[in-house]
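Step one of this worksheet: look at the structure below.
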Amino acid sequence: MPQVADILIPLALDTAYSYAVPTGLTLKDGDVVQIPLGPRETIGVVWGVEDRASGGNLRPVSGAIEVAPLSEPLRRLVDWLARYTLAPKGSALAMALRLPDENARTEIVRIGVRSAGKPASRPTKAREKVLAVAADGEVRGKSALAKEAGVSLSVVDGLIDDGALETIALVPEPVALPPDPDFPRQMPLSEAQAEAAAKLIAAFDTVSPFPQMQGEDRDDLAVGAVSSKGEAEDRPQDEAHPRTFPHDPLLPGSAPNGGGAALSSQAGRGDSHEVPRAILLEGVTGSGKTEVYFEAVAECVRRGRQALVLMPEIALTAQFLDRFAARFGVRPATWHSGIGGRRRERLRAGVAAGEVSVVVGARSALFLPFTDLGLIVVDEEHESAYKQEDGVHYHARDMAVVRGRLEGCPVVLASATPSIESRVNTQRGRYGHIVLPERFGGRRLPDITAIDMRLDKPERGRFLSPPMVAAVKKAVADGEQALLFLNRRGYAPLTLCSACGHRYQCRNCSTWLVEHRFRRALVCHHCGYTERKPEACVECGTFDHLTPCGPGVERIAEEAAELFPDKRIIVLSSDFPGGTERLRQELEAVAAGECDIVIGTQLVAKGHNFPYLTLVGVLDADIGLTSGDPRAAERTFQLLQQVTGRAGRGERPGRALVQTYQPDHPVIAALLSGEAERFYEEEIHAREAAGLPPFGRLAALIVSAAQREVAEAHGQAMARVADPPPGIMVLGPAEAPLALVRGRYRFRLLVKTDRGIDIQSYLRDWLARSPKPRGNTKVTIDVDPQSFL
DNA sequence: AATATAAAATGA
DNA sequence: CATTTTATATTA
């Protein structure tokens, strides 16, 4: 019987294409094959094979490619991802299968050298130094040998020509050395840590393994799928998303025991005996969460299975890798966007072969071809960096929960400041919850005190209030480190001419230009537009009347330098002069105590630990509280809790001072009292009272109008949704100003649907049926289905 | 994504 | 009307 294979191609195609399987070729699901597509050849993955006559008009599969096939859980993850994010299946596949890089194919053989045992014909001082180093007979890289001997490369080359050194092809170093789960640890776990670790380890035996997953479970893998009414929201409907593949247990309607009708949204929900989909590991800053989940990683390795630790890219620091090495004896294999070429391919191959047991990586590591995944840890689970906002829109934390269920392995979400989603999920019993309420080693959390800026005013033109100045003065006098936190890059967020009142604005974005004094430029933080800072006002021509309004970190540095002239001050922000490598070095230097006062943006709140830091001064806690973002309060609270938590993690106790104009604001009050729980309760209630779900499946609908004149003719550049289509709830704003972004007017609003429909095509159809706007306006819709509220 | 085809703009 | 640029459709 001839065979037909359904091949999914890693392109923006939503359906698999059928190809004839040539006689003599055996294919099974997941195999990677080469296929003709139009006039060219590409690769694809077998998504299904059927015994049937091809009908004669199908093109044949060209051949199989000798790489590890995609495992069933990974294929199901692709299906799930595509459906959940409304992305074409092929695009989802492209996350897990990248076309083989031609550069990576050609193996680069590194040449090593070692002593040939005979002396140099004409010995020189430099040559002797090299031979002395090489005398041990070890093989070294050429440059490594030259560096060790303190000579230049040409000396080594000369000795090779001379015959005193012999060359040897280096075996490529392994992508990762095996971590040792029983490596002697330097610091014993605290009682609380040991207890938490034991709970995590117990989870290895309670997760439901993959083959048993069935019934309502299948549909209910969803992670962010709870509305205010607590009903499932993301149950896709068959008619909106016709099934293409013969057997896909994740899709409703294909269950052996009755299909879609049995998929009650109530079934299985809220059952306390149900196995949790993930475990939230919540530990205050300094509680040693990492050490706790390292124990789960160790247990996973002991069981011979693979572990994946996801981190936001910025948190993948040398500091973290060293902590890993202190526990496991070696640094882990790492995966992030910067890893390319051969290294990337070899790591993939190592993971697929099961040789690499632990991978620490950024969100894209989620799609690595693990053969036997036994644990996923999502560190800093609240981080918004887990959201991919271009291409396929997905949230890596949530997809980690999905992959964990598909692989039948525990998923640990770790954070000091968990997201609202995870809190709600723990409240509802969907996620387990382990709490570490106290710091490791008996250290205390920093005392947080507010400075009411209405009472303690800074001097004119200054931004540090007297109590803040006094606290910094005392800390540095005692030889301690102080951090002044202000989440604003540059010198001043707004520049105006005091002669004519002209405000410098971005020509693309309707935002104010931020002065960067070091660079002598005005910069738009929205689109990156930069112009030289003018000598005279561009509007009225007056000299010396450009006035900076408000502070940025550069301006604070200026003030601090005047107040503390003999102290070492450093400014750390993402636009650090000298690039990321220099920035990394500076962060290390600060951690080593080579600095007295750090002035930083949110960059310093994440990833790095500063053991000498005892004082954190938040210069403006109110930033971000008034923005239109519905998550503003949550984000601000998390950021402030993270940054104040930097203090006092070393020997000496820490404290934090918070400058604010609204000490009674719920966010500030919660921060001061340390009552995070209550804050989140209130936040969740507030959202429900406002008719918003605590979170849900949302789409941001972006309407772009092509022409400025037309947009402005339409009622003062305001756009509105007069009549949303049924099934779509507009969360707001119903009417909003058009923002000019890269030459196009855009209008962004949040919509929500509780139906399993394809939001994008649904809205397109609705738009096509709506009355057309006058003039030459082109309206397009772009949907971002992963913008969780 | 790569390629084919259609449509629009350019130019003598 | 041929040539070049740009937008849109197709790939099994």
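Just so it is clear, glycine is given a Cβ too, placed from its N, Cα and C backbone atoms.
Quick look at what TrEMBL lists:
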type	residues	note
REGION	A:225-271	region 'Disordered'
COMPBIAS	A:230-246	compositional bias 'Basic and acidic residues'
DOMAIN	A:270-436	domain 'Helicase ATP-binding'
BINDING	A:C497, A:C500, A:C537, A:C540	Zn(2+) 1 binding site
BINDING	A:C506, A:C509, A:C524, A:C527	Zn(2+) 2 binding site
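Apart from A:C497, A:C500, A:C537, A:C540, the Zn(2+) 1 site neighbourhood in this chain, defined by C-beta within 8 angstroms of the site C-beta centre, holds A:S498, A:A499, A:G501, A:H502, A:V538, A:E539, A:G541, A:T542, A:H545. When the binding-site residues A:C506, A:C524, A:C527 are ranked by how far their Cα is from the Cα of A:C497 (Zn(2+) 1 binding site), A:C506 comes first. Each of the binding-site residues A:C500, A:C537 was assessed for Cβ neighbours inside 10 Å, and the highest tally belongs to A:C537.
Its Cβ taken as reference, A:C527 (Zn(2+) 2 binding site) is surrounded by 15 other Cβ atoms within 10 Å in the chains shown. Separating the Cα atoms of A:C524 (Zn(2+) 2 binding site) and A:C537 (Zn(2+) 1 binding site) is a whole-number distance of 18 Å. Looking only at Cα atoms, A:C506 (Zn(2+) 2 binding site) sits nearest to A:C537 among the binding-site residues A:C500, A:C537, A:C540.
Counting only same-chain residues six or more apart in sequence, the Cβ atoms lying under 8 angstroms from the Cβ of A:C540 (Zn(2+) 1 binding site) belong to A:C497, A:A499, A:C500, A:H502.
Separating the Cα atoms of A:C537 (Zn(2+) 1 binding site) and A:C527 (Zn(2+) 2 binding site) is a whole-number distance of 23 Å. Mean pLDDT of the predicted structure over the domain 'Helicase ATP-binding' (A:270-436): 92. A:C524 (Zn(2+) 2 binding site) has a Cβ environment of 20 other Cβ atoms inside 10 Å.
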